[in-house]
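A.B. asks: Annotation comment: Swiss-Prot describes Ser120, Asp135, His157 as active site, charge relay system, evidence class sequence analysis.
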Amino acid sequence: MELLLLSNSTLPGKAWLEHALPLIANQLNGRRSAVFIPFAGVTQTWDEYTDKTAEVLAPLGINVTGIHRVADPLAAIEKAEIVIVGGGNTFQLLKESRERGLLAPVADRVKRGALYIGWSAGANLACPTIRTTNDMPIVDPNGFDALDLFPLQINPHFTNALPEGHKGETREQHIRELLVVAPELTVIGLPEGNWIQVSNGQAVLGGPNTTWVFKAGEEAVALEAGHRF
């Protein structure tokens, strides 16, 4: 499988998806036709989200079609060489994808050679479940099971920092709560600016920041760019 799982879409001082464009270009391998799944968008319309994505990716020669715009979404997925899933609210993304019957077709198409690109919520959707999202559950997705394209759980936008005076839990504390009730999981704390690239059977960590791996009953392990999962 070919996957590009990004923690986030924007870095300080850079345009939207700017840091991801070289990564995407490097993994295209001649692919040009893409379907975009915009359902995580809540404060922007799906048309706006699709148009913005199409504009940014056009210089790479990628032709983007919004999955919500086509009469036959399953046929569009089958024809697509690239499946792109944008960030936003992971619960809405999963709900809409499940209700439209897209989960199994997307997973099958990616397993048969389509490139999967997802940032934030889109990275969460590639995991076995969405249980490591940071998002508010604004809708009920009727279960947390997701695409299961990547075998580990990703927590995007990972940071353990708290604002001064803040008395809430750290991100690690939230992850540790999950590992109490689901000790079989492995969670990747993927900070902003980092990504996981899967190609030719290898999953490789990229980005300038330390990534953390959390397992039940074990200390967190720090990983740097180049680590192979």
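From the backbone N, Cα and C atoms, a Cβ is placed for every residue, glycine too.
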A.B. asks: Based on DSSP, name the secondary structure state of His157 (active site, charge relay system): helix, strand or coil.
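C.D. replies: In the DSSP reduction, His157 (active site, charge relay system) maps to coil.
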A.B. asks: Taking the Cβ of His157 (active site, charge relay system) as centre, how many other Cβ atoms lie within 10 Å?
C.D. replies: 16
A.B. asks: Determine the Cβ neighbour count for Ser120 (active site, charge relay system): the number of other Cβ atoms within 10 Å of its Cβ.
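C.D. replies: Within a 10 Å radius of the Cβ of Ser120 (active site, charge relay system) lie 29 other Cβ atoms.
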A.B. asks: How many neighbouring Cβ atoms, not counting its own, are there within 10 Å of the Cβ of Asp135 (active site, charge relay system)?
C.D. replies: 19
A.B. asks: If one measures from the C-alpha of His157 (active site, charge relay system) to the C-alpha of Ser120 (active site, charge relay system), what distance in angstrom results, rounded to a whole number?
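C.D. replies: That comes out at 7 Å between the alpha carbons.
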A.B. asks: Three states by DSSP: which one describes Ser120 (active site, charge relay system)?
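C.D. replies: In three-state terms, Ser120 (active site, charge relay system) counts as coil.
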A.B. asks: Under DSSP, is Asp135 (active site, charge relay system) part of a helix or a strand, or is it coil?
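C.D. replies: Going by the DSSP assignment, Asp135 (active site, charge relay system) belongs to neither helix nor strand, so it counts as coil.
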